[in-house]
Amino acid sequence: FKGDFLNILIFLLPQIPDIQIADSRSFSIDYKNNCFQKDGKPFQYISGSIHYSRIPREYWKDRLLKMYMTGLNAIQVYVPWNFHGTVQGVFNFAGDRDLEYFLNLANQTGLLVILRPGPYICAEWEMGGLPAWLLQKPNIILRSADTDYLKPASEWLAVLLTKMRPWLYQNGGNIISVQVENEYGSYFACDYNYMRHLHTLFRLFLGEDVILFTTDGNTDKEMICGTLEGLYATIDFGTDTNITAAFIRQRRFEPKGPLVNSEFYTGWLDHWGDKHASVDTVKVSKMLGEMLSMGASVNMYMFEGGTNFGYWNGADHDSRFRSVVTSYDYNAPLSEAGDPTDKLLAIRDVIKNFRDIPVGPMPPATPKFAYGFVTLQKVCKTLFISGLSLCYVNCVQYYGFMLYRTTLPRNVPEPTPLISPLNGIHDRAYVSVNGVYQGLMERDTALVMNVTGQQGDQLDILVENMGRVNFGSYINDKKGLLGNLILGNDVLTDWSIYPLDIDTAVANGWLQAAHSGSAMEAGDGPMIYSGTLKSTGLAWDTFVKLNGWTKGQVWVNEVNLGRYWPQRGPQQTLYVPGPFLSATQPNNITVLELERAPSHRRILFMDRPQLNNTGQKT
């Protein structure tokens, strides 16, 4: 397959723009002196990770400028395949997905780029950046030489790398190196044929001069399976690691060349139910200084984390499924909202010892505003949204929610166990009988609940996809109702399945149209609420807090802010960037509450975030 497919791809080469090689521009590895060379001179990069997919386009320039003013000379950028290729064969590089515009802003700012195009990226991003439509092939082996995976991955890389070639440093752009795959040594497949295919593909589309590299964790197994001859091997580690021991491990795989920590962890991620992660500023700055003193090139992961808007958060699965929270603040030097922190100032003080810091003040934090309370009205039960369409085979709803509907096969006057014997709820199920909420089931942790009702009563199971696993052996993370449900001794059958596209309903104003203006009855279970944040003449950043609400999703002016779950925490507020708001028109607020809304039905717009469980009551 490999040879045949590469021959097929060669026809794309004439579409690559003519490259004008810039005189004297070069970026290479000096194996004799164990360093990078930029334009023939020794070069050490001091870089930070930033994800354009987690930041509104309007704020890209602000964040990049703050990174530059800190003293960074490079940024590291992931490219999520699923962000650009939500539908197979269709690639979107417009608006918030305009990667070349982002690269150009970085170039104008004076920042070089370390590109990480995957095709797998991890990043605590939905399915590690792989598109969910890959799972339509039931036996697919992701991240391997399996044709079902390699063919679409190669087609994606053919499109992406063709766009990236003019941006290589030696071609006049600002990309100095390109990572092949991502931490492949931590994946079970250890498929060298796959890595060789990617190596060949990257060379085909990017040429022979660009530095191609790998990044792997600080263990022998990861370095053995993740590295390949012809790809420069780098390592990643955080403040809990002995620097000398880690770089000795890199040296076993790269005896010569620069020392590189491709992911030096300035913070860490949060899962729902965790304590908010924090990494000590003193440890970060001290260790950064030590690595730079050794001549190592360092990328700080993250420098700004941003936000998992919509359904883009990933998940982990070790002993159980654990979903990543909406905020990707990461305890990074720039906060989720792009504000400089004490950690950033400490890092800048370290960098001053190794290179000149740009002259001028650090750009200030973006302005924040506390807009106050908004009271919401109940619009409709989620299960009664108009426009539900029944699908009979191969139901496709890659993100969000699916509704499964059947009837009770017999009378169950007493509470009777509804069981998911094979742990087939992926990931949470909200159960109603004749529209009356009965309770919930949850993957790995709550596989049994009781229901009552009469034969023929309508049983509705609303299944929420909480984000696909992004790391490890469980990334083939199919969603929905994946196994039989048993009521008492009866296996439930004759399901009708409905994709529930709430985002389209919000965008088209259907939910506002469904609201008659009269107060609806109280009740638990999935409900839609809406309200209006009045215009104030300002469109500044804010943070919405849903005190007393249980779990759900929030939209502001058709933009899906992400998930809230204050009862499980640690995150208590959702970030609302100013560009999402109108200064002159009323702002529509839509809330999908999945379990129980408070009687006050208020939400609060604050001027500061609360990313832990210690916020005040409202």
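First residue shown is number 1, and so on along the chain.
Including glycine, each Cβ sits where the backbone N, Cα and C put it.
What TrEMBL records for Glu183 is active site, proton donor. If you look up TrEMBL, you'll see Glu263 marked as active site, nucleophile. Among the features that TrEMBL reports, domain 'Glycoside hydrolase 35 catalytic' is placed at 36-353. Among the features that TrEMBL reports, domain 'Beta-galactosidase 1-like first all-beta' is placed at 395-501. Summarising the annotation, TrEMBL assigns domain 'Beta-galactosidase galactose-binding' to 526-584.
Across the domain 'Beta-galactosidase galactose-binding' (526-584), the model assigns an average pLDDT of 97.
Counted with DSSP, the domain 'Beta-galactosidase 1-like first all-beta' (395-501) comes out as 0 helix, 56 strand, 51 coil.
The domain 'Beta-galactosidase galactose-binding' (526-584): residue composition by secondary structure is 3 helix, 27 strand, 29 coil, according to DSSP.
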